[in-house]
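The structure under discussion appears below in the form of structure tokens.
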Ligand SMILES: Cc1cc2nc3c(=O)[nH]c(=O)nc-3n(C[C@H](O)[C@H](O)[C@H](O)COP(=O)(O)O)c2cc1C
């Protein structure tokens, strides 16, 4: 797909389905992520790939981490268990925050966020669908620990990737003037 059209037309795909994402496709997604800008080359971003039956294990982690989960109805419990099954591939984007005199925490988070955006764009260019989700589970310490992460690591997103299984929205073209100001110096 032509690069500029891809960048100006990408949308998220909330409903995704199989088949699975091929190793070649995964390679492109991850290499795109690693081209995110990164102040001082700290390399704070890590990506966990979760596929197949491992998604069910993640569903169990989500359920156990849900406060008071035993008191939820069977239907609500199943909904939580099914969350990771919404796509054949989940990429958990993590920022492993490091102390650095010139690179504050926010810049490291932004770098991982840029990595996620590169994944979304690469997925779109491959003809795949993707959506960036967070929710309560992203900040839940039990989830962070169960994924093998350190307490200071930040889950920047659960990126769901698969084949598009819904009608995509066609957002209206936004007027640039609502968001962009051509700043000019004050005349003295
Ligand atoms: C940091 C971040 C977290 C998000 N978390 C969620 C989420 O948990 N659930 C959700 O439905 N959408 C979430 N979104 C929004 C979707 O990823 C998506 O941007 C939105 O549905 C708009 O679609 P679009 O990308 O086609 O404009 C999140 C977006 C960002 C940037």
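Cβ atoms here come from the backbone N, Cα and C positions, even for glycine.
Annotated FMN binding site per TrEMBL: 10, 11, 12, 35, 39, 132, 133, 134, in sequence order. Annotation source TrEMBL lists domain 'Nitroreductase' at 19-163.
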**Item:** Greatest C-beta neighbour count within 10 angstroms, which of the binding-site residues 12, 134
**Value:** 12
**Message:** Please give me the CB contact count at 10 A for residue 10 (FMN binding site), counting all chains in the structure.
**Reply:** 17
**Prompt:** Taking every protein chain shown into account, which of the binding-site residues 39, 132 has the largest tally of Cβ atoms within 10 Å of its Cβ?
**Reply:** 132
**Asked** Out of 35, 133, which of the binding-site residues has the smallest number of neighbouring Cβ atoms within 10 Å?
**Response** 35
**Request:** Around the Cβ of residue 11 (FMN binding site), how many other Cβ atoms lie within 10 Å? Please give the count over every shown protein chain.
**Result:** 15
**Request:** Give the subset of the binding-site residues 10, 35, 39, 133 lying near ligand 1, defined as CB under 6 A from any of its atoms.
**Result:** 133
**Complete:** Taking every pair from 10, 11, 12, 35, 39, 132, 133, 134, which the record gives as binding FMN, the longest CA to CA distance in angstrom is 28
**Asked** By DSSP, how many residues in the domain 'Nitroreductase' (19-163) are helix, how many strand, and how many coil?
**Response** 73 helix, 29 strand, 43 coil
